[in-house]
2 protein chains.
Amino acid sequence: MTDRTRPYNFAPGPAAIPDEVLREAAAEMLDWHGCGVGVMEMSHRGKEFMQIAAEAEADLRELLAVPAGFRILFLQGGGLGENAIVPMNLSRGGQVDFVQTGSWSKKSIAEARRYADVAVVATNSGSADSAIPDPSTWALRKGASYLHICSNETIDGVEFHALPDLAALGTDAPLVIDCSSHILSRPIDWSRVGLAFAGAQKNVGPAGLTMVIVRDDLLGHALPITPSAFDYRIVADNGSMFNTPPTWAIYVAGLTFKWIKANGGVAAMDARAAEKSALLYEALDATGFYVNRVAAASRSRMNVPFWLRDESLNDAFLAGAKERGLLALKGHKSVGGMRASIYNAMPVAGVRALVAWLQEFEKTHG
Amino acid sequence: MTDRTRPYNFAPGPAAIPDEVLREAAAEMLDWHGCGVGVMEMSHRGKEFMQIAAEAEADLRELLAVPAGFRILFLQGGGLGENAIVPMNLSRGGQVDFVQTGSWSKKSIAEARRYADVAVVATNSGSADSAIPDPSTWALRKGASYLHICSNETIDGVEFHALPDLAALGTDAPLVIDCSSHILSRPIDWSRVGLAFAGAQKNVGPAGLTMVIVRDDLLGHALPITPSAFDYRIVADNGSMFNTPPTWAIYVAGLTFKWIKANGGVAAMDARAAEKSALLYEALDATGFYVNRVAAASRSRMNVPFWLRDESLNDAFLAGAKERGLLALKGHKSVGGMRASIYNAMPVAGVRALVAWLQEFEKTHG
């Protein structure tokens, strides 16, 4: 990429945003489409912002092929906030089942315990390879209001490559997926999903926006203690404008949706994710110098944690990476090591540059 | 203002942001201070963003002279969200008192009823002039966990020009102020305040950021149903980084804080607010063609609602205003008429231009 002037940013979130999106946002900062004011300064109820929000919603619906019967909501609060807001809206104060596959599902379990009778029906905790437990072994409860999974664990690098078919497992409980860190990197099978949510700051845009896609029949069951700003029924009835939405974040998300459409849609993002992750895992697997601990079938295509066998070399690895324009490769503090987050905005060339550095570093330090 | 190319934006929020702030945000969009990535793309835990957030917090503390013993928190959820989050954190499930002075205090009362035994201890509802009720008449309850006021009613144009002294009124309940629409337009007497909160999208920056300034002793009393992302104790203990904060909004807020400092600080904003609002109210009072219904002593310096005596002229007034670069003057749907929001970012010249239009329109239609 001889024309690239910016470094490659492997941050897990907030994360890289396509150059084209940032350039457009900068160009329109003081004057959106000739209206004389910038997007941050617009009333959320004016026709300009209503158009921005409507296009963002329509583009997201098109990209993910969200069927009629599902509502798209734009909220605040992030993934952690949503881990409380989902049980407020969907648990009915009853039973909620969880599959625990890493740090984020663990957090969601802790939040839900405030509102519901929570059971962990399967876990990979304690397993050496972090594989996703076989759905046929999940101890699903018949009376559960829903089953929650984190379909891509950002910290642990564990991904569901297919969503479980709960009907086939003998329950009509809706499936809730936290798809924050792989939304728009692959299609979603909506026949298996009741609610999907995602914080925008990983694969979409700026922090401060949470996207919720929810089946109509799951609206209207919020617990009485649910703040109205977070009551899905109220938010849906008001087109996500019951309170002031995070307008700038919706705008940047919308620009990103248009960028994905212009670059082949989710099918192209899916193919690129396969290509990029294969390149990186092959490089890691080709040597004992680096280690990835996740079972091959459960490896994330978005977040690739890895360790240097000799961790005393960590600082040298990171310093050399930075010199080569490869940023934010340090692993999450809870697991250590390294992590390369390779979301939609990461070009294949960025992964090739990282692979070249992995090989160069091993040659000089191996 | 011969060098001005942008129209004057009188929107109530999201609202005008100073040109200098927008220009800086645009210029740094792809590369903040030479680090190679933009602010939206940075990890909130990296040293660059930690610096941005720390400076924003320190500048806000300096501008408002926030004393030791108060914490500054950056949250999500907006004013409406905070109307639930405050009683979750401060009510202890007991009594909470409210003074109702307009639409926003009414909303806060409705939210608080989910969590506490709420009493409206005074109201201007039904009064012809919307005056703030004399504090000596408030029916304060001895056992209340706190008293909540909206210190500037954005929709109704009613402002507390002095905060009530609850100690002098015989209660040690802390005062909670929703100062969303006039924060940083005047000093705050912290000796009278337990907690102040403000959505950023009126007088500070983009939607999606809520600033909470809270006395230390009020932390740590959250109800068990409080989401951890909104538990003040947890947020404070983690420097507003327990979950991913709205990083872009904090950054733009920080740029605005620096702009205020460069333009004379809160003292200068205070003087400008006095000057601008006097200009506008004098023009409105000089004629029977326009009407403002708020008692003189309670008139807001930030949000000036007014009506044309002949409301059939509304569309002509708004169309002519737009032609002259005076935007977003339509009143809130719940009250009708007009509203000029003249926050810190509105130059005196903008108010002069509006006054000129008020006079011109009266001449041609009066």
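Heads up, the Cβ atoms here are built off N, Cα and C, so glycines get one too.
What TrEMBL annotates here:
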| type | residues | note |
| --- | --- | --- |
| BINDING | A:Arg45 | L-glutamate binding site |
| BINDING | A:Trp104, A:Thr154, A:Asp178, A:Gln201, A:Asn243, A:Thr244 | pyridoxal 5'-phosphate binding site |
| DOMAIN | A:8-354 | domain 'Aminotransferase class V' |
| MOD_RES | A:Lys202 | N6-(pyridoxal phosphate)lysine |
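Where TrEMBL records a feature, it is marked here on the structure.
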{"residue": "A:Arg45", "record": "L-glutamate binding site", "Cβ within 10 Å": "15"}
{"residue": "A:Trp104", "record": "pyridoxal 5'-phosphate binding site", "Cβ within 10 Å": "24"}
{"residue": "A:Thr154", "record": "pyridoxal 5'-phosphate binding site", "Cβ within 10 Å": "28"}
{"residue": "A:Asp178", "record": "pyridoxal 5'-phosphate binding site", "Cβ within 10 Å": "26"}
{"residue": "A:Gln201", "record": "pyridoxal 5'-phosphate binding site", "Cβ within 10 Å": "32"}
{"residue": "A:Lys202", "record": "N6-(pyridoxal phosphate)lysine", "Cβ within 10 Å": "30"}
{"residue": "A:Asn243", "record": "pyridoxal 5'-phosphate binding site", "Cβ within 10 Å": "25"}
{"residue": "A:Thr244", "record": "pyridoxal 5'-phosphate binding site", "Cβ within 10 Å": "24"}
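When every Cα pair among A:Trp104, A:Thr154, A:Asp178, A:Gln201, A:Asn243, A:Thr244 is compared, the largest distance found for this pyridoxal 5'-phosphate site is 30 Å. Secondary structure at A:Asp178 (pyridoxal 5'-phosphate binding site), taken from DSSP and collapsed to helix, strand or coil, is strand. It is 14 Å from the Cα atom of A:Lys202 (N6-(pyridoxal phosphate)lysine) to that of A:Trp104 (pyridoxal 5'-phosphate binding site).
Chain B lies within reach of A:Thr244, taking the recorded positions A:Thr154, A:Asp178, A:Lys202, A:Thr244 and requiring a CB-CB distance under 8 A. In the three-state DSSP scheme, A:Gln201 (pyridoxal 5'-phosphate binding site) is classed as coil.
Among the binding-site residues A:Thr154, A:Asp178, A:Gln201, A:Thr244, the residue whose Cα lies closest in space to that of A:Arg45 (L-glutamate binding site) is A:Thr244.
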